[in-house]
Amino acid sequence: MSEAIKVCVRVRPMPGSQPPYLPQSRTSQGAETVGCISTLASDTTILSLTGPSITDRRKNREDDQPSQPQQLKTYAFDNILPPPSTNEDLYNESAASVVTAVNKYNQDGTVFFYGQTGAGKSWSCFGDILTTKDLSSMTANDGVMTRALRDLYSTESQPSQNHSVHREVTFFEIFNERVHDLLSPPPALHKSMPSLPVRTHPTKGSYIEGITSLPVADLASCLKLVRKGYARRAVAGTKMNDQSSRSHAVVRLKTTTKDNDHPKSTPTVTYLTFVDLAGSERQRDTGNTGERLKEASSINKSLSTLGGVIFALGINSLNPTETRHVPFRDSKLTLLLRNSLNPANCRTVMVMNVSPDEQQFLETVSTLKFAQRVKQIKTNDDVVDKFRADESGEVDALKKEIGKLKMKLDSVNTEVPKPSQTSMATAKYLQDTLPKIERMEAITRTLVPNYHRRIMEDKLIDKLKTEKISRLQRRLRTGDANEEDPDSDLNVLCSEIDSLRKLLNEPDPDAVMYKSLYDDLLQSKSPIYGADSDELKNLRSLTTKLMTENQSLNQDLEGARKQASEAQSKAEDSTAATKKLLERRLKEAEERAEAAEEVRLKLESQLSKSEDTNLQMKSKINATTNHAEKVQHEYQTLSLTAATQKKEVAKLAASLTATQIELREKTKDFSKMQREHEAEMDSLTNELFMESERMTEEKGATEIEMKGKLAAAFKDNAILQQRVKNLTSERENYEKEIKTANSKISQLEVEIEETKASAVDQNEQTMATHKERVEKLEKDNLAAYENAEKWERAAEENERKIGSTMDEVKRLKKKRDDDAFELENLQEDMDTMTENVKFLQLQNEELQAYNVRLEELNNLDNDNREEREDGSEVDGELCLTEERAKQILEEAVSAAEHDAFNESAFLPPADSNEGVHDVFDEELDEEEEEMFFESQPVDLSRDDENGIPFSTPQTTAKVKAIKRSSSRKVFALHNE
Ligand SMILES: Nc1ncnc2c1ncn2[C@@H]1O[C@H](COP(=O)(O)OP(=O)(O)OP(=O)(O)O)[C@@H](O)[C@H]1O
């Protein structure tokens, strides 16, 4: 059993730091620290993480205090690359071996880039491909993918006479569980990228229907296409990364190699895949909402499925007897990369990108835990792919197996130092050869058990292969006449396997040859040395000489051997100690395994219990999900109601504003009128006051009445002013209330939105982490209970929030109704006020008219007085009987008096006497008229029956007017 997936951890530089990205501290033992990550310069497989303890973290979350760092854990992986590691370093440690496997041994290869958002996955994979101008020449920031492609194109399996190579590239992304072809022509403007369907073929496995696969003959055209596709990838700015990839991007290069020597043979197809996964992200850190949140939820879901697949593969490889279901089908990512995750099929490397930033501590822990799970996946070289469903793929698998065997053979061959070709006839050769032979002997001694072990291992593999081959042959024999075709794939494969087997079974021929030579030499059985010739004599003397030299050399050699044996014994001691240590460790491991078995049994029983609990939990979660959906529905209804209410409130506010404007206008008018009124009142008061002083006591009653009216008017005016004031302050209060209500409504809406978003977020997150939780439940039931409780608490909290929100909405509704009612009342008050104001206006007008009338009367009285002061007399020339004239005059006076005092509007304006003079102007001259008036025996000092005084200037004027009109009538009668 060996680890199937190589895991390299790449630590990015501290965010915001500048090159050369040196460690922040370095201890005397060589430990280098950047942020929360420490590494050893002497051991690049160990990493330790320092961070706050879980309790500290919880505490910090509550009281927001910085915590004391604590040593947390040390992890071991295949390779750790702390800053300032370059993309070249990363390539050499990760993808280089994958390229070799693809290129040299026809294996499939995949490189994954995993890590939280902003940890440097895209940087590690693609480097600065978007900004590099010349793609054909290498730059320092070339990503791992670029370097791998460069190596692939430049090395062995280039087209040759024997082989023809054809390469095609595909580039797609998985965005929100939709597969987008990044090499297809872009969609029309404002149209979204079409989603391609993923189909599963019974023999070919899963594939994308209609994906663009473009031939790429050289590196530059391949990189150009990748760059084009990469530029079209879905990215968006988040709080954690301003160019965050929102999708999983997969670049796949298919290489088809045809063997020209065997044109009928099936071409070998290999895939080299690069997967830049979207980064896991926590909503709390990114602060994502809306579309970004939806994307994050989809990313987390597919990563969680990937985790589930890795977990199941790990469990299966730990316990090969039972096969746990591997949920490849749960996401498009795992479905399409199923082959890449199968260690029997593919050489896979995972680059785990982490950030040393203390703020990202939890994410780093989570990535490293994921990496540990990946490391749990083991592969047994004897185990043939149990995932492969199709038998037609077996030829391909066998070819890949040959690749593996070749790789092994290569590694074995490189361990054997080859002796150089030398002449056998010279002693020099012997001199040179002897120590070499010695060494060869030693090597052979060590190699033989190795060979034996390997032969045993490979025999096992061979057994499986032979079984497979005979099965295949049987099938071919029964179904295909081509069985004897020496060119058939199977025969080619068989012969290749046989030759490989031979190579593995037979000891190195050089070693055997040198060994036999050496033996011959030692026993002097070689025919060359047996002949008694001069050459031999010479050789013998030379040999004797050499032998003496050799003896001394042998002595040296003996010394060296002694030293070597000492070193060997030391090495043996240390080996024994190591063996002991290993045995102790083995024992410990066995004990641990036993303990683990016990735990497993316990866990199994717990598991069965957990499964019940799971079911309960699932039903609970379903119920809660239903409840959450209901809540969501209620939210929507609430939002609709809130929107309607908002509209109503907006309408109300608009009508209120209109009323307010109207009110303001009216208030303005009222204030203006009031001011005018006050001014008029003042002037009227003054006038009245003056007038009242001048007026006699008979006018007192009128004056008092006037004053009373005036006082009443003042009072009304004061009330009006007060009312207007109250109204204004009421209006202001109402405006304030409306404002508060509006702000409360918008606050409420924001709260509803937030609660809705957080509920949706919680729902999605719960659904996404559900599977993981269930698995966690299997491990730790208690933790799951805690989670469930937390979840329930969150749901209760939601319910409580909804309750309080609904109460708030109800309260606001009631408030709105109250306000509407208050508004109606205010409107009524306003109407009453308007009527009052109208009434006051009328009163005002009456007062004005009265004033005018008073003035007029006054003027008339003055005129009258002036006329009387003239002393002119009326000539009695008229031939009208005195009695008839008196009668007519009395009738006219009475009618006029009635008109004058009951219909105040009947009087002409104060400044005009037109009505009086008209007739006279036409028919009598001034003198005649005066004479006529004077002749009339009217008592101007008497009161009429209504008690109206005639002795005032006004009454005098009135009477004079009456007299005139009467005279006119009398004159007319007289003329008749
Ligand atoms: N090793 C590194 N050296 C220098 N800069 C780096 C390194 N790793 C990452 N960065 C920088 O950090 C930024 C974020 O890296 P990148 O976009 O590769 O992250 P990511 O893991 O792909 O994030 P996301 O999942 O959000 O797409 C980039 O601007 C990149 O330049």
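FYI, residue positions are counted from 1 along the chain as it appears here.
Here the Cβ of each residue, glycine as well, is placed from N, Cα and C on the backbone.
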Region 'Disordered' range according to TrEMBL, out of 263-283, 557-577, 578-598: 557-577
Residue among binding-site residues G115, G118, G120 with least C-beta crowding, 10 angstrom cut-off: G120
Entries of Q116, T117, G118 (binding-site residues) sitting next to ligand 1, with Cβ under 6 Å as the cut-off: T117, G118
Coarse DSSP state, helix versus strand versus coil, of K121 (ATP binding site): helix
Cβ neighbour count (within 10 Å, all chains shown) around Q116 (ATP binding site): 24
Tertiary neighbours of K121 (ATP binding site) (same chain, Cβ under 8 Å, six or more apart): F113, Y114, G115, S245, D276, L277, G279, V351, N353
Other CB atoms, at most 10 A from the CB of S122 (ATP binding site): 26
Extra residues within 8 Å (Cβ to Cβ centroid of G115, Q116, T117, G118, A119, G120, K121, S122), ATP: R12, N241, G279, N353, S355
